Amino acid sequence: MGNMRSLVKTLMVVLFLGWIFVWIMISTNLFKSKWTPKLSKYLNTTYFGPQGTNLVLLTVPMMFIAVLSCVYLHIQKKPTQPQREWKLKRIMGRVIMVMNPLGIVTATELTFSLLFVALLAWSLYNYLYLSYHVHLHNDDNAKIWQAKFRAFGLRIGYVGNICWAFLFFPVTRASTILPLVGLTSESSIKYHIWLGHVSNFCFLVHTVVFLIYWAMINKLMETFAWNPTYVPNLAGTIAMVIGIAMWVTSLPSFRRKKFEIFFYTHHLYGLYIVFYVIHVGDSWFCMILPNIFLFFIDRYLRFLQSTKRSRLVSARILPSDNLELTFSKTPGLHYTPTSILFLHVPSISKIQWHPFTITSSSNLEKDTLSVVIRRQGSWTQKLYTHLSSSIDSLEVSTEGPYGPNSFDVSRHNSLILVSGGSGITPFISVIRELISQSQNKSTKLPDVLLVCSFKHYHDLAFLDLIFPLDMSASDISRLNLRIEAYITREDKKPETTDDHRLLQTKWFKPQPLDSPISPVLGPNNFLWLGVVILSSFVMFLLLIGIVTRYYIYPVDHNTGSIYNFSYRGLWDMFLGSACIFISSSVVFLWRKKQNKEGDKEFKNQVQSVEFQTPTSSPGSWFHGHERELESVPYQSIVQATSVHFGSKPNLKKILLEAEGSEDVGVMVCGPRKMRHEVAKICSSGLAKNLHFEAISFNW
C-alpha cells in the first residue's frame, strides 16, 4: 500500500510540474511561434477545434491530478507524516511576517506568493514583448502609441485570466487537492481573497484602458458591441459590472457592516462566470476550466447533501446565552479537530448557510456531533429565540463537516492553546481528541495549557463543554490539562446570578424526514468522489467532441461561414454542467440506495443522548448556586482552572516560560489582534521551540 501511495504521489508531482511549466511557457514567443503551430496540428482536431491545445495541456493534467488525489486520500485513510516531512512542514510553516492587510504570513505562503507574483510579472513581460516587438495588432489604423496602449490593456487582461486558473480552488470546500499541500478550504479563504483582488484589479485596468482607447479613436460604442464571430465586448462589460459589485461588497469594511449584502451579491458569481466565458471564448475557458469544474462538482454535491434534514437531538442554552446543538451522526462519519459544519434553518432564512465550529470528537463520540453557536448577529439571534421558545422540533439541514485531512497534536511535548471569547470552541475538539488518544496507553500525550480570555464571568460556562458529561475519572486521568482563564471586564466574581443564567437543555422529537449526518457519498467518500470527477470529465470530453465534430465543424468548413464565437463557450458551459449534474446525481443516488438500510436503522431509533444535566447553573463559577461537583467532568474542570479578574493574559510571558520544554505547539483562535500578537512572539526568535498555528474563521 505504501508503494502505491508513493507511485500516485510521484505521478501527481510530475503532472503538476508539467502543468506549471506550460503556464510559464505559454506567454513566450517560443511557445507562440514554434510550439503552438506544431501542437495545433495534432491537438486542434475536428473533435475539439481551436480549444484542443489548451484542453490537453491545461485542463486534462489538473483533472487527472484531482482524480489521483481522491485515490491518494482514500489509500491514506489514517494520515501519518514521516519525521522528515514533519520537520519540513515545521520549517515551511514558520511565521515570517505579521502585517496588515496580509495578516500572518508563513514561509510557505511567502515563497509561493513570490513565485506566483513572478509568474504574473513574467507573463505580462512576455505578452507585451509579443505585442511590441513581434506583432502589434492595429486593425483600427490607430497611432502606434495608441495601439501599444491598447495592447497593454489586452495583455493585462490575460494576466487576470491566470489568476482565474487558481481562483476557485480555495473555495472548493470538499477539495481533494488542498489537503495534498496541508490546506483546508477554511484556511485558504485568504488566498481566494488575494486572487480576487489581483484579478479584479487586472480586469478593471483592462476595461479602463479599452474605454480610453475607444474614446481616443471615436469608437466608444464598441463597449456595447456583440460580434458573432469574435470577442463580444458587451459580455465583458456586463462581467466587469458584476465583478465590481462583488469586489466592492467583499471589501472588509463593507463586508463586516453589511454582511447580508455581501452574501447575496457574491452569489452573482454564476452570472459572472457565464459572461466572462462568453467574452473570452472556449479556448481561454479551457485554461481555467479545472478549478471551475471541480468547484461546481463540489457545489452540486453540497446541494445534494443539504436536501436531507439532519436529526437534531438536543440544544443546550449556556448561561452565557450561547448555544450547543447536538446532532445524530452515522458512526462512519469521521472528521478531525477544528472542523466546521454549515447549518441552514429554513424557518430563519431560505438561503443562508452559516459555519460553526464542531466541539465533539468523532473518535470519542461515535453517534453524535456537537457545534457551539455564539449569539451574535441577526441570524443567530433568531435561532436563539426559536430554541428558547416552546418548540419540540426544528428543521435543520447541514453541510460538512469540513476540516483538515490530518491533525496530529500528539507529536508535541507541550501544547499551548490561546483563545479569545468563542475562539475556545475549536480547542474543545482538540482536547476531546486528546482524550480519545489517551485510551491507547502507548500514546504519549502532550501537556496542555489552555489560556482563554472572556469579557464576562458568565462566559466561563464555555469551559463546561470541554469534557463530555459521560466521562469517568479513568477516561481523563492521563490528560494533563491546566486552564488559565482571564475575565477582562470584571474585577471580581459576581455575588448573585439571575435565573436566566441557569443552563437549559431542550430535547427534540425525531421527525420522519430526519436523518443522521453522514458523508455525502457514504463510506469510501474519497473513492466515490474520484468516480464522480472522472466520469463527469470523460463524459464532457466525449460530448464536446461529438458536438464539435458533427455540429460546429460542418458549419465552419462546409457552409463557408464561421460558427458563432459566443455559442462555443456556451456549449462548453452547458455540457460541463450537464455532465456534472448527471454523474453526481447517479453516484449520489446509487450510494444513497446502498446506505438506505443503515439510515433506516438510525431513523427507527429514537435516540437520546444521556446528558448528566445539572439541575442548577452549570457555573461552578456562580455564587449562590450549588453545583454537582461529584460529576467528574465538572470537578476536573474546576480543579484545573485558575480564574484571573480585571486583566488580560501576558502572552509573551506565558509563551516564553515554555522555553524549558523541548517542543511546544502553539495554537491561537480569537480576535485578529490576539492572533497577530501570538504570531509575533513565536516568530521573534526568543523561543525557538515554539511552533505556531493560527485558526481563523473570520471571512
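The backbone N, Cα and C atoms fix where each Cβ goes, glycine too.
Model confidence over the domain 'FAD-binding FR-type' (305-408) is summarised by a mean pLDDT of 87. According to TrEMBL, the feature domain 'FAD-binding FR-type' maps to 305-408.
As annotated by TrEMBL, transmembrane segment applies to 12-31 (among others).
Sequence-distant neighbours of the transmembrane segment (51-75) (same chain, 6+ residues past either end, Cβ-Cβ under 8 Å): 1, 4-5, 8-9, 11-12, 15-16, 18-19, 22-23, 26, 36, 39-40, 43-45, 165, 176-177, 179-180, 282-287, 289-291, 293-294, 405, 524, 526-527, 529-530, 533-534, 537, 541, 568, 572. According to TrEMBL, the transmembrane segment annotation covers 51-75 (among others).
The transmembrane segment annotation in TrEMBL covers 95-122 (among others).
The transmembrane segment annotation in TrEMBL covers 158-181 (among others).
If you look up TrEMBL, you'll see 193-217 (among others) marked as transmembrane segment.
Look at TrEMBL and you will find 229-249 (among others) tagged as transmembrane segment.
Residues annotated as transmembrane segment in TrEMBL: 284-301 (among others). For the transmembrane segment (284-301), the residues of the chain that approach it from at least six positions outside its boundaries are 51, 54-55, 58-59, 62-63, 66, 161, 164-169, 171-175, 177, 273, 277, 520-521, 529, 532-533, 536-537, 540, 569, 572-573, 576-577, 580-581, 584, 588, judged by C-beta separation under 8 angstroms.
For 526-553 (among others), the entry in TrEMBL reads transmembrane segment.
Sequence-distant contacts of the transmembrane segment (573-590) (same chain, at least 6 residues past either end, Cβ-Cβ under 8 Å): 273-274, 277, 285, 289, 293, 296-297, 300-301, 304, 520-521, 528, 531-532, 535-537, 539-540, 543-544, 547. According to TrEMBL, the feature transmembrane segment maps to 573-590 (among others).
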Counting only CB pairs under 8 A, let me know which of 12-31, 95-122, 158-181, 193-217, 526-553 has the most with the transmembrane segment (229-249). 193-217
Which sequence-distant residues neighbour the transmembrane segment (158-181)? Criterion: at least 6 residues beyond either end, Cβ under 8 Å. 12, 23, 27, 58, 65-66, 69-70, 72-73, 116, 119-120, 123-124, 127, 188-189, 191-192, 195-196, 198-203, 206, 276, 280, 284, 287-288, 290-292, 294-295, 298, 301-302, 399-400, 402, 404-406, 520, 526, 529-530
What is the three-state DSSP composition of the domain 'FAD-binding FR-type' (305-408), stated as helix, strand and coil residue counts? 13 helix, 37 strand, 54 coil
